[in-house]
Amino acid sequence: MATILNDVIDNLWVNVSEIVSHTTVQRRVVNISHFQEYQIAEQIIHYISPVLSICGIIGNTLTLLVLVTSTFRKSVTCWYMTIIAVLDTIALIFQLVWYFIRPKVKPDLFTGRACAIMYAIFFFAIHYNVFLLVAMTIQRYIVVRFPLRAQKLVNKKRTIYVIVALGLLSLVINAHHMFTRKPKISLETGLIMCTADVNSETFINFVWPLMDAILYGFAPLFCLIVFNVLIVRQLRHAGRRHREMVGSGCQKDGGCFTSSQAQVTLMLLLVSASFMVFVTPIALTVVIERYVLRLTTPHDRATHYLVRVIASILMFTNHSLNFVLYCLSGRKFRAAIRAVFFCSQSGNNNKFEITPLASVRKENSHILAQIVESISDEDNVSLPGNATLEYQDNLHML
């Protein structure tokens, strides 16, 4: 009897040893940190991620400073842009914490509800961000397409409703992260990951990636392209009408319209192009990795990790570029920066104000004056994603 018991114990010990040995070998094979692709990705995270986050946070802070201290604050578009700058900053702080600080601190800091809260705030911020960008572009189209009705269709009260409604929508969409996420140590990288809870694996791994790609990438991109194209077409149509109405009065400086049209067209397409270049890769990556890609070897996973890091860096670049885009395409924004930092606003306040065309050219028709006044009274910001024209400098745009 004792012999049989000893044999059973010996066999059990051999089996346990084999299981432990197999698990150790499997973990050694699964770990991808020794692949060159993984090491390149880590270098990108270590050097590029913090620089991008810090520069973006500084740029967004400067944007907020300009928006709230200049005459831009009187514009309803400024409300959109101010909230977008705040949301961009939240996204960049998440990047700094999750990609740069997380590997250097104790894993205990990201256990429990910490990772779920961070993910909920992050996804709320990026979705709310693109919702506001699309809403702002649609509002600009309404102002350009229906200038005589713009004051009724687009006003401060309705803008507040839109901003609050989109915020609540983003909150509802992303509240599930508080209940569907849990921390887990990755066998491939050894880092704390915020993965799906046991009861939510199907939703997080297969349903949510497609929802996220549509909400953050494909749907906003489609809307931005469509409405910016419509805005450009409307501007061209308005330009032709203006030339017909003023006749010879525009002949002597007809070249101004061509130059102004090119500038405004570039301004309108800049954000859409930036969004397409920097956000589309992460949307495609999320969809492909969940529904198409099959990673069969550790090297495949290391390569995918590098691709995912590059796509993520591009996505966060989109959240750090607004200040640069505003400076490149908005002369009034550049003038406001000079006024804020060099105290040159005194005596030059009119530079930021929109002068109604009726007070500049009384010989123009009353209808044209109404058109410009209805637009200029509503908003005077000439920035990316904003179709309002720089009327004081480019009166020939309408």
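Glycine residues also receive a Cβ, built from the backbone N, Cα and C atoms like all the rest.
Note: TrEMBL annotation is automatic and uncurated.
Quantities reported herein were computed from a predicted structural model and do not represent experimental measurements.
Within its own chain, the transmembrane segment (44-67) has Cβ neighbours under 8 Å at 73, 78, 81-82, 85-86, 88-89, 92-93, 95-96, 99-100, 103, 309-310, 313, 316-317, 319-324, 326, 333, 336-337, 340, counting only residues six or more beyond its boundaries. The transmembrane segment annotation in TrEMBL covers 44-67 (among others).
Positions annotated as domain 'G-protein coupled receptors family 1 profile' by TrEMBL: 59-326.
According to TrEMBL, the feature transmembrane segment maps to 79-101 (among others).
Using a Cβ-Cβ cut-off under 8 Å and counting only residues 6 or more beyond its ends in the same chain, the transmembrane segment (116-138) has close neighbours at 77, 80-81, 83-84, 87-88, 90-91, 94, 97-98, 110, 162-163, 166-167, 169-171, 173-175, 177-182, 194, 212, 215-216, 220, 223-224, 227-228, 231, 271, 275, 319, 385-387. Residues annotated as transmembrane segment in TrEMBL: 116-138 (among others).
The transmembrane segment annotation in TrEMBL covers 159-179 (among others).
The transmembrane segment annotation in TrEMBL covers 213-232 (among others). Within its own chain, the transmembrane segment (213-232) is flanked in space by residues 126-127, 130-131, 133-134, 137-138, 140-141, 144-145, 173, 265, 268-269, 271-272, 275-276, 279-280, 282-284, 286-287, 385, 387, which lie at least six positions past its ends and keep a Cβ under 8 Å from the stretch.
The transmembrane segment annotation in TrEMBL covers 266-293 (among others).
If one looks beyond the transmembrane segment (305-328) by at least 6 residues along the same chain, the residues whose Cβ comes under 8 Å of a Cβ in the stretch are 32, 37-38, 40-41, 44-45, 48-49, 52-53, 55-57, 59-60, 62-63, 81, 84-85, 88, 91-92, 95, 99, 126, 129, 188-189, 270-271, 274-275, 277-279, 281-282, 284-285, 289, 334, 337, 383-384. Marked as transmembrane segment by TrEMBL: 305-328 (among others).
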Is it the case that the transmembrane segment (159-179) and the transmembrane segment (266-293) have 3 or more CB pairs under 8 Å, with pairs at least 6 apart in sequence?
no
